[in-house]
Amino acid sequence: MADQVKERTLEETSTWAVAVVCFVLLFISIVLEHSIHKIGTWFKKKHKQALFEALEKVKAELMLLGFISLLLTIGQTPISNICISQKVASTMHPCSAAEEAKKYGKKDAGKKDDGDGDKPGRRLLLELAESYIHRRSLATKGYDKCAEKGKVAFVSAYGIHQLHIFIFVLAVVHVVYCIVTYAFGKIKMRTWKSWEEETKTIEYQYSNDPERFRFARDTSFGRRHLNFWSKTRVTLWIVCFFRQFFGSVTKVDYLALRHGFIMAHFAPGNESRFDFRKYIQRSLEKDFKTVVEISPVIWFVAVLFLLTNSYGLRSYLWLPFIPLVVILIVGTKLEVIITKLGLRIQEKGDVVRGAPVVQPGDDLFWFGKPRFILFLIHLVLFTNAFQLAFFAWSTYEFNLNNCFHESTADVVIRLVVGAVVQILCSYVTLPLYALVTQMGSKMKPTVFNDRVATALKKWHHTAKNETKHGRHSGSNTPFSSRPTTPTHGSSPIHLLHNFNNRSVENYPSSPSPRYSGHGHHEHQFWDPESQHQEAETSTHHSLAHESSEPVLASVELPPIRTSKSLRDFSFKK
């Protein structure tokens with residue numbers, strides 16, 4: 001009979017067939033590995049450290065998939081040999097009993113086999129289906145050991161094989177989906193470049209002259225947000241809900257939030273020198289590393305989604321709408337935060353001087369954590385990717401008409417809602433998130449570019465080693481006079497917030513122009529986006545001082561007194 005036909009082993013297989021399969025698998029694997037390595041090299045060459053770290057996360061996900069694949073392959077036979085009763089196995093199926101009987105030739109649950117009532121055609125169909133499944137299974141002997149005991153396998157060998165494919169499809173679709181969303185969001189944010197360049201024009205500086213006094217409601221930012229609907233919570237959320245669909249990020253909002261960020265974190269006079277758009281791009285690249293990763297919490301959510309595919313739960317009516325509802329709430333919340341920033345301006349007074357200054361703060365965000373919004377966006381992207389991956393996998397395995405898609409409406413709902421969520425994430429929520437989350441109480445480490453950040457980390461690491469080994473003196477003499485400490489060019493003291501407010505008495509008289517006259521005013525803020533040529537000029541200038549007057553040049557580094565002073569500066573990820 002057909003169900004007694006067993007698959008051939010390697011002893012019965014041609015060696016050339018085995019060699020061809022191994023060659024193809026190795027060739028594809030080597031090409032993929034080499035491609036990933038080339039992409040990583042390109043990211044390093046372009047100084048895209050955040051994207052390189054995101055690529056490392058993708059490689060970690062691929063390694064995790066390799067472990068899952070190995071475990072499924074090894075545990076396929078032991079798992080399929082676990083037997084459970086037919087009563088337990090008949091619960092929570094994707095198909096109804098009638099659908100299973102029609103599709104697989106199984107009798108309805110609860111009916112006993114009387115031997116005469118079963119139609120010969122149905123019996124033949126059952127035998128054909130079972131033999132087909134056994135032929136396609138991996139590492140099976142072609143028969144079900146549990147059937148001999150009158151029981152059912154916990155998960156059949158072929159079922160594990162199908163699950164194996166789905167997990168791989170889910171991971172790949174999630175990564176691709178995140179990349180597409182990030183790319184579309186970057187395209188949407190290209191318009192910000194012209195806004196950023198406008199801040200360096202004379203017209204912008206004149207219109208925002210600090211000597212000008214205006215009513216808060218008469219400013220462009222005030223006219224957009226200070227209205228009657230912003231006085232009550234209900235009308236505020238309703239208006240912000242619809243506002244996200246029509247110009248979620250406007251020029252007025254961008255310029256106001258940019259000005260507030262710079263005034264909160266930098267010394268006055270640096271507004272035209274700081275590139276806020278590039279800072280947002282670096283922050284978004286770093287957040288992309290988190291989004292592209294499938295964390296244990298996200299894997300747990302995937303398991304819950306698999307559980308909801310039981311017949312009777314009708315998951316197709318509510319599961320696709322979860323990411324849609326969440327992303328709409330997140331977008332509304334981000335719009336509400338912008339409006340509340342405007343209301344804070346009015347609370348300080350009806351008259352503003354120059355450009356309106358918004359006051360950032362973590363209290364504007366849920367639970368006082370701006371990163372919580374990133375988690376919700378991560379959850380939305382994964383949920384939507386899960387819907388797409390599950391649809392593609394189930395269609396490939398069981399055709400379009402299957403138990404997971406009970407009707408055409410199910411397919412339409414999944415695809416339409418998935419497309420809507422994709423558009424909202426890319427063109428509405430992601431640009432809003434990138435801008436509004438900068439309004440927290442603290443600025444992110446990405447305020448420095450990769451070159452400056454690397455110098456800061458090296459300086460901090462060297463300073464910690466000096467303190468740890470007790471190589472500094474207890475006086476105010478700076479430790480930088482020692483040859484192993486960072487030089488003037490790598491000292492980050494002039495990068496720190498409120499540096500201009502520190503007492504100049506801690507720094508003895510120095511020939512450096514930074515602490516005298518016009519030079520001090522000009523270099524009070526080291527522009528992270530300065531050109532490489534300027535950095536080289538500064539480096540050569542400091543080397544000249546070190547060669548001629550090493551003692552005086554070393555005075556420009558901050559002193560290290562105790563380990564507590566080191567904790568005042570940290571560069572954590």
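Placement of Cβ uses the backbone N, Cα and C atoms for every residue, glycine included.
Swiss-Prot has this to say about the protein:
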- 1-15: topological domain 'Extracellular' (TOPO_DOM)
- 16-36: transmembrane segment (TRANSMEM)
- 37-61: topological domain 'Cytoplasmic' (TOPO_DOM)
- 62-82: transmembrane segment (TRANSMEM)
- 83-164: topological domain 'Extracellular' (TOPO_DOM)
- 165-185: transmembrane segment (TRANSMEM)
- 186-287: topological domain 'Cytoplasmic' (TOPO_DOM)
- 288-308: transmembrane segment (TRANSMEM)
- 309-317: topological domain 'Extracellular' (TOPO_DOM)
- 318-338: transmembrane segment (TRANSMEM)
- 339-371: topological domain 'Cytoplasmic' (TOPO_DOM)
- 372-392: transmembrane segment (TRANSMEM)
- 393-415: topological domain 'Extracellular' (TOPO_DOM)
- 416-436: transmembrane segment (TRANSMEM)
- 437-573: topological domain 'Cytoplasmic' (TOPO_DOM)
- 450-471: region 'Calmodulin-binding' (REGION)
- 462-573: region 'Disordered' (REGION)
- 473-490: compositional bias 'Polar residues' (COMPBIAS)
- 498-513: compositional bias 'Polar residues' (COMPBIAS)
- SER512: phosphoserine (MOD_RES)
- 522-548: compositional bias 'Basic and acidic residues' (COMPBIAS)
Original post:
Among 16-36, 62-82, 165-185, 288-308, 318-338, which stretch has the highest count of C-beta pairs below 8 Å with the transmembrane segment (372-392)?
Top reply: 165-185
Subject >> Three-state composition of the topological domain 'Extracellular' (393-415), taking helix and strand from DSSP >> reply: 14 helix, 2 strand, 7 coil
Original post:
Using DSSP, how many residues of the topological domain 'Cytoplasmic' (37-61) fall into helix, strand and coil, respectively?
Top reply: 22 helix, 0 strand, 3 coil
Original post:
Can you name the far-off residues of the same chain, 6+ from the ends of the transmembrane segment (62-82), with a Cβ under 8 Å from a Cβ of it?
Top reply: 138-140, 145-146, 153-157, 160-161, 163-164, 167-168, 171, 294
Original post:
What are the DSSP helix, strand and coil residue counts for the topological domain 'Extracellular' (309-317)?
Top reply: 3 helix, 0 strand, 6 coil
Original post:
In the same chain, which residue numbers or ranges, 6 or more beyond the ends of the topological domain 'Extracellular' (393-415), come under 8 angstroms Cβ to Cβ?
Top reply: 93-96, 99, 103, 162, 165-166, 169-170, 309, 311, 314, 316-317, 320, 387
